Amino acid sequence: MHQSLTQQRSSDMSLPDSMGAFNRRKRNSIYVTVTLLIVSVLILTVGLAATTRTQNVTVGGYYPGVILGFGSFLGIIGSNLIENKRQMLVASIVFISFGVIAAFCCAIVDGVFAARHIDLKPLYANRCHYVPKTSQKEAEEVISSSTKNSPSTRVMRNLTQAAREVNCPHLSREFCTPRIRGNTCFCCDLYNCGNRVEITGGYYEYIDVSSCQDIIHLYHLLWSATILNIVGLFLGIITAAVLGGFKDMNPTLPALNCSVENTHPTVSYYAHPQVASYNTYYHSPPHLPPYSAYDFQHSGVFPSSPPSGLSDEPQSASPSPSYMWSSSAPPRYSPPYYPPFEKPPPYSP
């Protein structure tokens, strides 16, 4: 009976949708979705920091962080559900798929912009100048000196955004006087005297910064956002694959067969009855030896006979009277038989 229960349990546990396989798939899906959620938060944080670092450079790729984060959040909820698990995981896979596409696009845009449009050589050479924000009095002086009349209404609205004139020596020994707004890092080496054609293809001014060191931070943030988007791209593909394999699994408990086998032997009325071995062992009388000790003491009763191979006379069919048991001889000794669980009577001489 115990062997049959063990075999039935092992056959049930070998099913692909058993409880052990379900828990293992659930644990793996939760691990990958939590990891994707952490990466999504990093993408969102770094992307927002890169986007808000300057006013004229807004290419930080934080959109994949929002989409991947929402998809991974749905995946965590769906992995812990039983009834609506499939619907939640399908929605999670859809959002993660869109997030993977957005991460691919933002990784290309941020990487190309950081490599092609930001030149750090003038910054490292200290050839870029930071222009602080001008006060209202200085702005009025600049505007009045430039217009030589009372400032108009449009000019008065832009007092706090008044620009300063910065002299930048050009390659042809000429001087350019660009007008630069306050809180701006300006690089003369990247400015082409007002022409739209840039020398090295990089930005020559970065508006609304606290110092020129913010440009170096912006460069590092863009490359960090690019790397995180690439990580989110591959991790999103892996997460979608894991959730796709888990959405169709249901927990199934192993069914135990508790039927008890009949231990009593079946008796057939048309066949010879079989006697159990233990019955014959306990109830059959013990086998006696052919001769007892008393027989060997009175060996004269049985005369010796020559071997059968040395006798030339034919043996008679009927035994001789000398070989019969004498009536005056005592009976053969047979010890009394007691069952194994019965106590023998006390000894009496």
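Each residue, glycine too, has its Cβ placed from N, Cα and C.
Marked as transmembrane segment by Swiss-Prot: 30-50, 57-77, 89-109, 226-246. Among the features that Swiss-Prot reports, region 'Disordered' is placed at 303-329. The feature compositional bias 'Low complexity' is assigned by Swiss-Prot to 316-329.
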Original post:
Between the stretches 30-50, 89-109, 226-246, which wins on the count of C-beta pairs under 8 angstroms to the transmembrane segment (57-77)?
Top reply: 30-50
Original post:
Against which stretches of its own chain does the transmembrane segment (226-246) lie, if we need a Cβ under 8 Å and a gap of at least six residues from its ends?
Top reply: 25-26, 28-29, 32-33, 35-36, 39-40, 42-43, 46, 61, 64-65, 68, 71-72, 75, 78-79, 89, 92-93, 96-97, 99-100, 103-104, 106-107, 110-111, 114
**OP:** Quickly jot the same-chain residues contacting the transmembrane segment (30-50) by Cβ under 8 Å, restricted to those at least six beyond its ends, or write none.
**Re:** 59-66, 68-69, 71-73, 75-76, 79-80, 92, 96, 99, 103, 106, 110, 218, 221-222, 224-225, 228-229, 231-232, 235-236, 238-239, 242-243
